[in-house]
Every structure is written in structure tokens, then in C-alpha cells.
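**Q** For reference, Swiss-Prot lists these features for the protein:
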{"type": "BINDING", "residues": "8-15, 55-59, 118-121", "note": "GTP 1 binding site"}
{"type": "BINDING", "residues": "188-195, 235-239, 301-304", "note": "GTP 2 binding site"}
{"type": "DOMAIN", "residues": "2-168", "note": "domain 'EngA-type G 1'"}
{"type": "DOMAIN", "residues": "182-356", "note": "domain 'EngA-type G 2'"}
{"type": "DOMAIN", "residues": "357-442", "note": "domain 'KH-like'"}
Amino acid sequence: MATVLIVGRPNVGKSTLFNRLVGGRRAIIDDQPGVTRDFVFGRVFWQHKSFEVVDTCGLFDSPKDIIEEKMKEVTLALLSEGDLLLFVVDGRKGLTSADMDIAETLRKSKKRVILVANKVENVDKFTLEVLPELYSLGFGEPIPISAEHGLNIDVLLEKIIKTLEEAGHLLDYEPEKEEDNLKVAIIGKPNAGKSSLFNSIVGSDRSLVTEIPGTTRDMVDETIEIDGMPVTFIDTAGMRRKSKVGVKNVEYYSVMRAVDAIERSDICILVIDATLGISNQDQRIAGLVEKRGKGIITVFNKSDLLNEKHKESLLSSFERELYFIDYSPVVFTSATEGFGIDELLDKLFLVAEKIDLRIPTGLLNNLISRYTLSTPPVGRKNKKAKIYYAAQIDTRPPLIMLKVNDPALFTEPYLRGIRSTIRMNIDPFEGTPIFIKLRRKK
């Protein structure tokens, strides 16, 4: 697929343009320079054409810290992968020395470049005051737009598609195939190693990795093919405790999208720092996954730093503190060393199979009948609880419908017993919750 990179100095509106092109608030937008710390990949669909667009983290003129230095380093490396570069400048303020330096870098890359003047709401003022100096960059006629207001975006899209097709790229697409992918969200506390794990799986340094908590603030999606199956991995921002996230804080948007990532995933990989153990926040995150009925795999990352006794202690801790997802496979990994990744992928495909598993109705009813005979429901007062019929009515997660005389007579511990007997006698349903819906028999 053709790849279009959005490049430019900080705060010229690259993320706003990205969001306008792909639709939705995918990259975080704020007024402070450098607020987009990750590459964010999206796909543009327009008039039966499609291409990939990448919101880069910005070419920093003089890196102020390790994060900015690495962003510049990786962004420069990414230029070689792009088929077309959108060089975004500020159409209100005109060119700066940083713009000139970036222009020189882009010329040296020998890539196709479209010059985009953003924030142009007043075309007459732009034409008189800014346009003449833009021609001096040597990238041809600039395209004035306002990403915030959607002005001239159609003209830009036409130019992008024409340029790519003239270069020999085939942009026709079949959108119905897009939803076939297994979707996997990588979640967990900040600095647990989610980005390193993500990179080990996809085999690309696309998600910025440092030792500073919270460097992954945008969702970064990567689709790879494993044994012929397309799998989309969602690398999310570390989930903060609610008390630490202010409504106006830019981290707020990341937390909200982390929850969104769980919502749109089929399976979640919960990454826990093995050197720190299971925290209350890990329990809360696991609870979010369980309540939303998503498949789950628990990963103790950084386990290369542990001995066998410590690993056994973590397993005991898992049984105590994450008992409500005791069906989750547990994998010990070291993303930086690369071990445990094959086992993780094996578990991923196992869970992918289980979330779609269906129990034959006859087998299910036979098991429920035997269970109610050996462990009859208590009921309340003088009223007995009765189960007349059972059937699995859905998958992702497996949903069992029980036709009963009165739903109020069935306690959660009793339903938990039904789930357990299904796992023990029919299938373990590794990595997936089993939901039970009670319906009164008419």
C-alpha cells in the first residue's frame, strides 16, 4: 500500500490534518509543540481510492531531551519508507529557519513532496504575504488548506492521489476486507514494556521506546500476517489512575482512547512489569477487559530479570489478585531480549479460537441438567430455582442463555459454578470470559 508521510516542524497542524484525512480524533491535538510523540498510522479512503498516512512526531530543529532526539532520529529513518511526503508549514506565520532546514532534508531525501500551507482561512492575506516565499522552497505550487475547518482538503486529496498514481501505485481498495482482521489491544500501566512488546511482535521500530513512563500517548496500529491470518495490533497509551488524569491534561485523551481500544479489540494483552508485580491498577485494567467480555492474555514482561522462584511467586500472586480472570493464559516474556514472543503468539491464536467457540446445544443441556441435579440452586424462601433450557446464543464472548422460572433466584456464586463446570467438562475456554444471560420462561 502507498504510504504518505506528514512532516513538518512542531505545531503547524500535522495531527489536525491527519485526523481530517482519516476521520476521527486519532492523534492527540494540543497547542504545545511536540504533543504528538508517536507515529500514528491511519488509512485514508476517498472516492474508491485508499492509501496509508503517517502522522510523524515532528522534525525537531534542536532536540531538547532524549525523547525529542530519538523522535528526530526515527522520523528521519522513516522518510526512506514513504512514497510521498506532505510538507506542512504554517500558512499564517510563513516560513521559519526550522522550515528551511526541514526543506533541505526533504530535498536530500529525493522523495516526492507536496507543500501544504495549513491554517489558511484568509486566502487573500495568504496570497499577498506568505505565498511568494513558499515558492522559494522549490516544491512547486503550494496547496493552501485549513485542516481545522476542512477547507481545500478535497483539492489536497486529488493532488495526493494523482501524484501516487502517476508514480505507479495502485490505490483501488475493497473495504469489506478491512473488518476481517483479528484485533488485539496491548494494554497496561505506563512503562510496563507495552511498546517494546509491540515492536518485538511486529518487527519494526514504529512505536517510540524509551525508559520514561508515558512516552506512548497515541494509539499506534500495525497489521501483520501470522500464518496467513491478518492480525491488527493496537499499541495504547499507558492507562493512568483516574485521580492522576486531569480533564484538561493531554494524557486524558490517551486514557479515553485506551478504553476505546479495549472496546474495539477482540483480545487484550495485559502487560505487567514482572519486576514490580501486580498492582491495584493492573487489577482495575483486567476488570475493564473482563466486564467488556474481551479475550485476555496476561504477560509478565521483563521476566529475564527474574529467577524461577520469583516466577512461581508471580503465578501465586496471579491466582490471588487476578482470580476473576483465572481463565487467562499467563506468558513470561522479555520484549527486549525477544524470548516468550513465540509462546505469546501461540496463546493468541488459541484464545482467538476460543472466543469463537460454540457449544452444541444438546451437550450444553446435558451438562446443565447433571449440574443442577448434583448442585441444585438454593432458591429463596419457599420458591425453588429451575433451569428449563440452555443454549449458546453468541460468541466474542461466548454467551449462554438460560431459560429459568425466575432470574432473581439465581445468585452470582451459582452462575460462577455453572461457568466452572462448563470449563472443566466441555472446554477450558482459555482466555475468554463466559457470559450467562437469564431469561424468564413465558
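Using N, Cα and C of the backbone, Cβ positions are placed for all residues, glycine too.
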**Q** Could you measure between Val120 (GTP 1 binding site) and Gly188 (GTP 2 binding site) for me? Cα positions, answer in whole angstrom.
**A** 40
**Q** Does DSSP give Gly188 (GTP 2 binding site) helix, strand or coil?
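**A** Gly188 (GTP 2 binding site) sits in a strand per DSSP.
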**Q** Using DSSP, break the domain 'KH-like' (357-442) down into helix, strand and coil residues and give each count.
**A** 31 helix, 22 strand, 33 coil
**Q** Report the mean pLDDT of the predicted model across the domain 'EngA-type G 2' (182-356), rounded to a whole number.
**A** 82
**Q** In whole Å, note down how far the CA of Gly8 (GTP 1 binding site) lies from the CA of Lys194 (GTP 2 binding site).
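**A** A Cα-Cα distance of 28 Å.
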**Q** Applying a 10 Å Cβ distance cut-off over all chains shown, what neighbour count does Val120 (GTP 1 binding site) have?
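**A** Val120 (GTP 1 binding site): 24 neighbouring Cβ atoms within 10 Å.
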**Q** Around Gly8 (GTP 1 binding site), how many other CB atoms lie within 10 A of its CB?
**A** 25
**Q** State the three-class DSSP label for Thr56 (GTP 1 binding site), counting H, G and I as helix, E and B as strand, and everything else as coil.
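**A** In the DSSP reduction, Thr56 (GTP 1 binding site) maps to coil.
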**Q** Which one is it: of the binding-site residues Gly188, Asn191, Ser303, whose Cα lies the shortest distance from the Cα of Asn11 (GTP 1 binding site)?
**A** Asn191
